[in-house]
Structures are given as structure tokens and as C-alpha cells.
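Peer 1: Before I ask anything, here is the structure I am working with.
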């Protein structure tokens, strides 16, 4: 059974609410007039070729061995961090980053993160969830230390298969419900008897947090927050770590691996996902300078002062 890096001490999640309908969650509406069914179009979007190439790269390269290499490369063991930066400095580094896996928008990730945070704030959800909206995609900052060979080039047309995109569990069979399932057979682990069975290297009930997921910004940012001793609650860390795990939170895969408490985490991840998805709007600008003082207070509340280890 694969073990995770552990969580910082956090208060239990209480006050779980029922996820609202997609058209009720936020006052930020997509200027394109899209309805919910038009998001996540992996069939014929304007960005189809770029997105398909991204997922082909993910299936070809995201394996158990690759995950282990990335764990080592991005270790937060003493003196093994890659940089020391404030959240604001990291934000500035991501200012022009565009996610090549996203079929919905072609705008900098910075704009998307602020739109997500503002949608959560206007809906009246807790301040810690608002902060997750701001931070959830910041793990894409790995592009500063990655390269094309490892799928971490920070341009819209460079390989990003270890930065963004829907994640799945490595070490067991890839479900057919993933986007672009036609690429599943390309994965080297699907030719390995240890990893190609339904359960692979895992045991039923082992817990969602004890699975290895395809490496990307989610896993990195989760580990970064833990390493920096955040006081964000466990539900917040689950939103960061699993918001790209669409096979789990959208398709219902991996239920057999869920353990005590995972249903509560799944609720929070699903709630967050609605804001992550439906607040995307290429025509609504966000005023970073005007909004930043509010979010800096949340950063100061849930993270140590000053610069952090990345």
C-alpha cells in the first residue's frame, strides 16, 4: 500500500453543506454564455489538437516509476527545497502561464485562480476555501525547475504533461472513464503485471490519500503546503490535492479504495470543483492590485509569515 506524506495538524471539517446547482454557485458568469454541458469539451473544442497532445503525453509518461522520480526531485526534506519565495512572488512567476490541458480557456492561470477565489468569496464560503481558490493551481510553478523531457515546460505549446490535466491513480488499471481513453494502452504500466490489474498495488479500503496519483500541480502544491506547516483544514488540503482527480470526484472511480472520512473529503472536493470549472471567464478582468490586500490577510492567517519553501 502506498503511503502519503502526511498532513499537518488541522481542525476537523464541520458544517458540510450540500453542493449547490451549477447555475447558483457564483455571481461570476462566463461571458461566453456557456451552459454547464459546454465545459470540458474534449471532442471538438477550438484547442482540441493541443489538448489531445497533452493527454497523449500524460498516458505515455505518467507511471509509478515516474511518480517516484518526481517525489525525489520535488522532495521537501531539509535543505532540499528549490526556492524561497512569498506567495505573491510565486504569483508573479505564474503571471503568463497558460495551461495546455484546458479546453475551455486560453488565458493566464493567474486570472483563473483569482476568478475562482472571488467566486467562492461571493458565494459566502469559508475564508480557508477562498484561499484554496487562490492557491489551487500554484503547483504549476514547477515549470521553473522542470524541463520538456519531464513534461514541465511552462509554455502553452510546450510539454506540460506533468504540470496539469486530469489525474488518475498510477499503479492500477486506468479506467475507461478518463478523458481520451484511447491513449490508455500507450501507458507502459498497462503492460506490467504488477500495475495493470483493477487493484494493482493497492488494497480495498486503503484510503484515497494513500494512492499515488499522476504527478502534477495538485500533488506538488499539497506537499508544499504540508512542508510549510499550513494551518488550512484537511478539507482544504483535499481540494488542493484532488481537484484534478476527475475519475474520482466526477466519474465515481476508485470508490473501492475509499476509507473512513473519504466521503466527507469527496463532498468538499466536488463543491470546490464547481467553482474551479464554472468561474472561468475570458472576458472578465480581475484587478490583482485591488484584490491582493484581502487575500494577503488570508495568506497570513493560514501560512507562516514571510517567504516559504518551494
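Yeah, the Cβs are placed from backbone N, Cα and C, and that goes for glycine too.
Since this is a predicted model, take the numbers as computed values, not measurements.
In case it's useful when we look at the structure, here is the feature table from TrEMBL:
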BINDING   40, 99, 100, 101, 140, 165, 166, 243, 244  substrate binding site
BINDING   112, 136, 137, 217, 243, 276  Fe cation binding site
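Could you tell me the structural context for the features on the list?
Peer 2: For residue 244 (substrate binding site), the same-chain residues 6+ apart in sequence whose C-beta sits under 8 angstroms from its C-beta are 164, 165, 166, 167, 216, 217, 218.
Sequence-distant contacts of residue 137 (Fe cation binding site), defined as residues of its own chain at least six apart whose C-beta falls under 8 angstroms from its C-beta, comprise 94, 99, 109, 112, 113, 164, 217, 221.
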Peer 1: Compute the mean position of the Cβ atoms of 112, 136, 137, 217, 243, 276, which form the recorded Fe cation site, and then list in sequence order the other residues of that chain whose Cβ is within 8 Å of it.
Peer 2: 109, 113, 116, 218, 244
Peer 1: Taking 10 A as the limit, how many CB atoms besides its own sit near the CB of residue 276 (Fe cation binding site)?
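Peer 2: By my count, 23.
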Peer 1: Under a criterion of Cβ-Cβ distance under 8 Å and sequence separation of at least 6, what residues of the same chain contact residue 243 (Fe cation binding site)?
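Peer 2: Non-local contacts for residue 243 (Fe cation binding site): 136, 218, 249, 269, 272, 273, 276.
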Peer 1: Please state whether DSSP places residue 112 (Fe cation binding site) in a helix, a strand or coil.
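Peer 2: In the DSSP reduction, residue 112 (Fe cation binding site) maps to helix.
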